[in-house]
Amino acid sequence: MEHRACLSPEVCKKLIDAGFQITVECDKNRIFEDAEYSAVGCRLVPGDSWRTAPSDAIITGLKELPENDLTPLPHTHIMFAHCYKRQGGWKDVLSRFSNGKGLLYDLEFLQDASGRRVAAFGFYAGFTGSAVGIDAWCHQQLHPGTAYPEITPYPNEDVLIAETKAKLAKIGKFPKVMVMGALGRCGSGAVSYARKAGIPEENIIKWDMAETAKGGPFQEIIDADIFVNCIYLSSQIPAFITQEQIDGERQLSVIVDVSCDTTNPFNPIPIYNVNTTFDKPLLDIETKNPKPLQLCSIDHLPTMLPREASNQFATDLLPTLMQLPERDTAPVWTGAEALYNEKVASMATTD
Ligand SMILES: NC(=O)c1ccc[n+]([C@@H]2O[C@H](COP(=O)([O-])OP(=O)(O)OC[C@H]3O[C@@H](n4cnc5c(N)ncnc54)[C@H](O)[C@@H]3O)[C@@H](O)[C@H]2O)c1
């Protein structure tokens, strides 16, 4: 299902104009066609050629390298390696770089001076999460009691928005959508989708820290039709919603947990514990109230709009990429290198 890319053709053009040389692997899965890259001056090479790239090439790609390969990595890589939070197999991944005398700049940890990530997919996670929530609610109205179908990626957001609008028009009423963490990246994306789908402002409830300061659970959540959770969970907080609440009277019939703190012991939505997937997007939550309650907890939502999500990510990353020639002094890059060295050193002292 993954079609996103780290560098968009538009961003490649800007880098090439600034003097970069960019080589792109041919790939039929990627949302951007090979020709879009060659049109802006990138050199095309066959897929999977990165292993034999010149030793001074910087290799960039979005996702993890294939598992079960322990070959040492001699290059500098810019990617999401998912090995800094001691994820399963983290030492196997990290030691490939140190064994090959390579270097990892992990995209998740490229941060500016205030500690904020320079590029993230949050906006389109919230945007598509909100789309799934509204669509699931429409499905409940139009085809009650039937299974919600699999989701496949959309070529662009206009197609998705048109689909939602047509369904809402058929139903003839708008749901009440509550977005939690509305001031953040994901939250602002969730609000943006609801607006673009034509949902009136009074039906979009936007909550952030100020509104939850009193502590949950919150009646306001079960009074909405759709709850889109977009908070960044950094400490233990009272639950937003409880089993007791959903067993009782409620309007709520769809939850989209964009935050996906699914297995976190402090998950503020402690009524489920598995992630859902694009081929089976919704989980039926058991409640004593016969009204359905379905939950989506897909942890790679931006894949649903690969073109917009990749364009936005690459655009946000561009100013930092422009500093690559000065990476020995530019704080984003020196910070990322220091973190890499720290994580490599920690392998000796951590299980
Ligand atoms: N499902 C996916 O595909 C996907 C993709 C990207 C990010 N995410 C996840 O989404 C979450 C949010 O990411 P982000 O980049 O939007 O973070 P962010 O820091 O930009 O925004 C988080 C927002 O949550 C608010 N918040 C935090 N605690 C709150 C509370 N107790 N009550 C109300 N509001 C609260 C913050 O004030 C902030 O406005 C992260 O957990 C991230 O991992 C999921």
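Going from the start of the chain as shown, residues are counted 1 onward.
Cβ coordinates come from backbone N, Cα and C, glycine included.
As the structure is a computational prediction, the values presented were derived from the model and not from experiment.
As recorded in TrEMBL, the features of this protein are as follows:
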DOMAIN    2-128  domain 'Alanine dehydrogenase/pyridine nucleotide transhydrogenase N-terminal'
ACT_SITE  Lys63  active site, proton acceptor
ACT_SITE  His82  active site, proton donor
BINDING   Arg116, Gly184, Arg185, Asp208, Thr212, Tyr232, Val258, Ile298, Asp299, His300, Leu301  NAD(+) binding site
DISULFID  Cys186-Cys230  disulfide bond
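Cβ neighbour count for Cys186 (disulfide bond) (all protein chains, 10 Å cutoff from its Cβ): 31.
Taking DSSP states H, G and I as helix and E and B as strand, the domain 'Alanine dehydrogenase/pyridine nucleotide transhydrogenase N-terminal' (2-128) has 38 helix, 19 strand, 70 coil. Residues Leu301, taken from the recorded positions Lys63, His82, Leu301, are distinguished by a CB atom under 6 angstroms from ligand 1. Cα to Cα, Val258 (NAD(+) binding site) and Cys186 (disulfide bond) are separated by 8 Å.
Spanning the residues Arg116, Gly184, Arg185, Asp208, Thr212, Tyr232, Val258, Ile298, Asp299, His300, Leu301 that the record associates with binding NAD(+), the maximal Cα-Cα distance equals 26 Å. When the neighbouring Cβ atoms lying within 10 Å are counted for each of the recorded positions (Lys63, His82, Arg116, Arg185), the highest count belongs to Arg185. According to DSSP, Asp299 (NAD(+) binding site) sits in a coil region rather than a helix or strand.
Cα to Cα, Cys186 (disulfide bond) and Arg116 (NAD(+) binding site) are separated by 14 Å. Using a 10 Å Cα-Cα cut-off from His82 (active site, proton donor), the recorded positions that qualify among Lys63, Arg116, Thr212, Cys230, Asp299, Leu301 are Lys63. Here the C-alpha separation of Cys230 (disulfide bond) and Leu301 (NAD(+) binding site) works out to 12 Å. Under the three-state DSSP scheme, Val258 (NAD(+) binding site) falls in the coil class.
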